[in-house]
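Below: one structure, written as structure tokens.
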């Protein structure tokens with residue numbers, strides 16, 4: 001028996017720290033931000049992460065002789081300092097693709113973050129980024145439809161889509177809920193949506209809501225001549241109930257359903273995405289609970305990882321924050337998410353938080369959704385940041401209009417079309433935002449009132465989770 005298989009305990013770095021290793025194109029690469037306990041060498045901390053997230057255990061075991069450990073083990077091949085942080089460092093780890101079940105995001109996350117975060121040798125650990133090899137991506141179904149198909153289904157081109165969450169999000173009866181949906185859609189929105197925590201409560205059972213929403217959509221389409229939709233939340237207590245709700249939405253001829261992908265889980269989400277593809281249904285994804293996982297700058301999973309995983313698991317729209325609204329997220333970081341959702345190839349760019357080149361092959365893109373504390377004054381910045389392949393959702397910024405939800409929807413539609421027209425004419429819409437909106441307000445009393453109502457409303461808080469750049 002060779003020395004390395006002698007019984008006992010040995011340091012992780014003897015096996016899992018391999019600074020001379022050159023990653024293969026087929027390797028899954030991960031970047032962890034590590035903060036070790038005082039006195040533990042960086043190489044030992046990084047190697048421990050590589051070991052526990054792949055083949056390692058705390059003791060040398062005889063059964064290692066029954067496999068090729070050198071082939072299957074994760075390898076920490078590089079360590080970098082974190083700019084501006086003397087306590088933490090980046091550990092870059094390569095995993096052979098055979099460690100993971102083909103196309104299973106659940107299995108990837110179970111391996112990479114399932115147990116290692118509880119290590120005593122670590123004070124903090126954060127998964128910053130993953131490079132999925134194209135061989136793994138080809139095993140994932142991805143978005144059930146994608147951006148181009150969704151535009152064709154909804155017959156909407158050349159601009160961002162407009163939506164809003166129904167407010168109050170809890171407490172309305174099914175009939176009154178449908179009434180609010182109708183007001184928003186007839187006013188000019190493309191979509192309305194259930195909020196993340198609307199499922200099937202005593203005040204509003206899901207069948208009742210679905211039926212009244214379907215009626216509201218039909219009336220709004222007849223009145224406006226436009227295709228409309230509402231994100232019907234099918235998230236449920238069991239997969240069987242989830243599919244029952246999805247099937248009922250299909251029976252009502254609805255174009256889109258919704259899922260809370262983190263609370264619902266990646267297994268449920270992947271299954272629902274495949275159902276949507278088979279049944280011609282669009283799938284909106286809410287990220288409820290994400291900040292519990294991604295907001296701490298030293299511990300958890302960065303949202304760019306969750307966004308990548310969602311694109312692979314499947315969804316046609318995903319919330320990404322707004323930059324300018326009430327939710328966390330700076331501009332460069334958010335642009336990094338948007339790139340990962342929509343582009344076919346995303347180069348390494350630390351200024352946007354992307355640690356690796358990411359080739360998405362021919363996988364369809366996902367609409368980026370801006371939602372949370374936005375109103376008409378934000379419209380120029382939103383159009384500039386998110387571009388056309390996005391959904392801009394104004395909840396309070398629609399329903400809070402003094403003349404009601406229909407007027408709020410009309411104000412948002414006029415503001416959007418004014419910004420798109422100005423952009424297409426070559427104007428710098430962020431610099432000229434006030435002039436563009438005030439000019440449009442002269443021809444729209446709904447917009448003029450909205451501009452006056454929201455003129456003092458700002459959310460100027462510093463970002464907690466900032467990019468680690470010099």
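Just so you know, glycine gets a Cβ as well, placed from its N, Cα and C.
Features as listed in Swiss-Prot:
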type	residues	note
BINDING	115, 165, 169, 287, 319, 371	substrate binding site
ACT_SITE	167	active site, proton acceptor
BINDING	193, 195, 196	Mg(2+) binding site
MOD_RES	193	N6-carboxylysine
ACT_SITE	286	active site, proton acceptor
SITE	326	site 'Transition state stabilizer'
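Shown here: features listed in Swiss-Prot, placed on the structure.
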| residue | record | Cβ within 10 Å |
| --- | --- | --- |
| 115 | substrate binding site | 11 |
| 167 | active site, proton acceptor | 16 |
| 169 | substrate binding site | 15 |
| 193 | Mg(2+) binding site | 29 |
| 195 | Mg(2+) binding site | 19 |
| 196 | Mg(2+) binding site | 20 |
| 286 | active site, proton acceptor | 28 |
| 287 | substrate binding site | 24 |
| 319 | substrate binding site | 25 |
| 371 | substrate binding site | 25 |
Spatial neighbours of residue 165 (substrate binding site) that are distant in sequence (at least 6 apart) but have CB under 8 A: 192, 193, 194, 195, 371, 393, 395
Alpha-carbon distance [residue 196 (Mg(2+) binding site); residue 167 (active site, proton acceptor)] in Å: 12
Between residue 319 (substrate binding site) and residue 286 (active site, proton acceptor), the C-alpha gap once rounded to whole angstrom: 6
Candidates 115, 169, 196 (binding-site residues) - the one closest to residue 286 (active site, proton acceptor) by CA: 196
Non-site residues, in chain order, whose CB comes within 8 A of the mean position of the CB atoms of 193, 195, 196 at Mg(2+): 165, 166, 169, 194, 197, 198, 231, 233, 258, 286
Residue 169 (substrate binding site) to residue 196 (Mg(2+) binding site) - Cα separation in whole Å: 9
